[in-house]
Amino acid sequence: MAAYLFLLGLFLLLPRPVPAPCYTATRSECKQNHKFVPGVWAAGEGVDVTTLRRSSSFPVNTGKFLRPDRTCTLCKNALMNDGIQRLPVAIAHWRPHGSHCQRNVATTKVSSTEGVAREAAANINNDWRAGLDVNPKPEANVHVSVAGSHSKIANFAAEKAHQDQYNFNTDTVECRMYSFRLAQKPPLHPDFRKALKNLPHNFNSSTEHAYRRLISSYGTHFITAVDLGGRVSVLTALRTCQLTLDGLTADEVGDCLSVEAQVSIGAQASVSSEYKACEEKKKQHKIATSFHQTYRERHVEVLGGPLDSSNDLLFGNQATPEHFSTWIASLPTRPDVVDYSLEPLHILLEDSDPKREALRQAISHYVMSRARWRDCNRPCRAGQHKSSRDSCQCVCQDSNVTNQDCCPRQRGLAKLMVRNFQAKGLWGDYITSTDAYLKVFFGGQEIRTGVVWNNNHPSWSDKMDFGNVLLSTGGPLRVQVWDADNGWDDDLLGTCDKSPKSGFHEVNCPLNHGSIKFIYQANCLPDLTGETCLEYAPQGLLGDPRGNRSGAVW
């Protein structure tokens, strides 16, 4: 009896079973309910795995809802006032999720185009490669990207990477409303059947165009399971070296972008400690507007609801808690694909159909031809070396002039060299000719030449390397000509002061007697330009990328 009471107590503690939202309905009930569950169009839609674009073509027929016995499946939608809706025969395990959306911004940070493509493909929940020959074997020091390598967001990042050195910060908000998957052996769409019928039985160079035409229409894969809802995803491209010159890091800016996004959706108050810390950082760095207005090289994606990607709910003009709430309220009736599982198209064909293997080969060939290769044998610029952790990354020795990302730590930095000194018509002694030497000054440094004895027209072959200097604030470049006597009583014959500018310059200065000519060259450090190297200069990729093996390069 005690054991019975114990088990009964456990049973009473268990949560009540949730009734299944779907049931088998009679023909008359099926006719009375005309609306499908939201988002049925997503099931069985074609997808090109290299672009992650949905094809708007459907290899699977999701319009059929009556079974052969004239029954159907109807579902009670708790997110739409328990309305009764049809479920297509091709769909199984349909479930609505909670009616509320958690207001939380997830942030990811990557430093390469490959990383952006990898994050874009992270919404695929299964191994899309299964059954395909798509495992590239690159040479040493070559990185390969396949899934998402030609997606809009990856193309955006690649374009940026060819312009400058970037870090990429992504802020994302997701809401899941429904989930379902395809039934086993779903019915094929009549148009897809017709397209398959027109395919040649074998895949080779002469039939490739026919298979490419089908892939162009339907994609490489089809959606087999899906989470529906909404997503707002904003990728901000941050110029690494420009941030360094502003006294900031990509992590600092990314953290404050996330805080501003949290405030815009009502997930965090503008009186929070994090928000106040970012406001203080803005004051320190003289940022007059918000971080998202200051750093606004962005790619925006809005899925679900009545909005499109021109409506940035995190950083745009409509970025308010009220607009975000309105968008959430629209998702039960207008959901979009948040994440999904994929299978290659060829598995829809019967095992005995020879076109199944031909289509498998065609998809494999197409996907591999679209792979993007990054050749990490590309040389680093002078003064840089390959990172021990990533052979595709060039790094520098951390110093008071540059950081490990090879970014100058402040504006105005240049490498200064002075050489080719020639004096004429000097007069330093009454009896003999001049015993001349030079003193050259800049930025607190002094460099001397040796003495040229008994010569009123001396020249010096010294190459004076002042190293990295602050061109704008180092003071004048000063060249003094002296006549050597006993050291303590040497005579100053004249001084030449010039405010140095970037570039190659020949200088001719008059002295008390005669003149002095010399050359100086001031080369702005990488990422800097202008007369005194105060302006920012983007640094694109060095040279043309090497040819790739089977697809495009980054």
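The backbone N, Cα and C atoms fix where each Cβ goes, and this holds for glycine too.
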TODO: Please name the cysteine among C394, C396, C406, C407 that Swiss-Prot pairs with C241 through a disulfide bond.
DONE: C407
- [ ] For the disulfide involving C496, grab the partner from C509, C524 as Swiss-Prot records it.
- [x] C509
- [ ] Quick one: sort out which of 256-278, 417-439 is the transmembrane segment according to Swiss-Prot.
- [x] 256-278
- [ ] For the disulfide involving C394, grab the partner from C376, C380, C406 as Swiss-Prot records it.
- [x] C380
Open item on the list: Can you identify, from 23-43, 86-106, 128-148, 212-232, the stretch that Swiss-Prot calls transmembrane segment?
Closed with: 128-148
Task: D435 (Ca(2+) 2 binding site): tally of other CB atoms within 10 A of its CB - done: 20
Open item on the list: Cβ within 8 angstroms of the Cβ centroid of D429, D435, D483, A484, D485: which residues besides those meet this for the Ca(2+) 3 site?
Closed with: G428, T434, A436, V451, W482, D490, D491
Task: Winner by Cβ contact number (other Cβ atoms within 10 Å) across the recorded positions N204, N400, W488, D491 - done: D491
- [ ] Using the recorded Ca(2+) 5 site (D485, W488, D490) as reference, state which further residues of the same chain have their Cβ within 8 Å of the centre of those residues' Cβ atoms, listed in sequence order.
- [x] A484, N486, G487, D489, D491
Task: Other C-beta atoms that fall within 10 angstroms of the C-beta of D489 (Ca(2+) 4 binding site) - done: 8
TODO: List the other residues in this chain whose Cβ sits within 8 Å of the Cβ centroid of the Ca(2+) 1 site residues G428, D429, D483, D485, D491, in sequence order.
DONE: T434, D435, W482, A484, D490, L493
Task: Mapped DSSP class for D485 (Ca(2+) 1 binding site), helix or strand or coil - done: coil
Open item on the list: Rank the recorded positions E343, D429, D483, D485, D490 by how many other Cβ atoms lie within 10 Å of each Cβ and give me the one with the fewest.
Closed with: D485
